[in-house]
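Comments concern the structure below.
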């Protein structure tokens, strides 16, 4: 099923776990009929980073606030007051997740987490992949039969454990 013209809006079941400004941003997004792709281009950020701002999972720069205010026609003062604190990451969803798509991502880690860990350890040594010095993209591919496929790329700096 094509998704032409449809955009993500604020799910009322998670709204109470998000910052107050999330509703303002999503209302502005919906009123203008903008996709995260369009907003991300305006912010000069990735789609995932842009969406993370809306969910209160990323820090907004002064430039982000200026551009969001301009694009979504939301008071710069309001956004500055509400978006300049520190994000409270990881609070938007219950654990384990109950939303089906988010649960599938959780399930991927459950099923393949140790396999990822083993391969990463063999390639890089004892350490972890940073989720701070990190980027991610979401892309769409279509196979020969016309079926859509999701491509999620995770890129994180390798952080070796230090000896002490």
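The backbone N, Cα and C atoms fix where each Cβ goes, and this holds for glycine too.
Since this is a predicted model, take the numbers as computed values, not measurements.
Sequence annotations record features per position, and here Swiss-Prot assigns active site to 104, 107, 130.
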So how many other Cβ atoms are close to residue 104 (active site), meaning within 10 Å of its Cβ? 11
How long is the line from the C-alpha of residue 104 (active site) to the C-alpha of residue 130 (active site), rounded to the nearest angstrom? 22
Could you state the CA-to-CA distance between residue 130 (active site) and residue 107 (active site) to the nearest Å? 20
Tell me the Cβ neighbour count for residue 107 (active site), meaning other Cβ atoms within 10 Å of its Cβ, over all protein chains shown. 13
So residue 130 (active site), by the Cβ count within 10 Å over all chains shown, scores 12
Under a three-state DSSP reduction, the secondary structure at residue 104 (active site) is helix
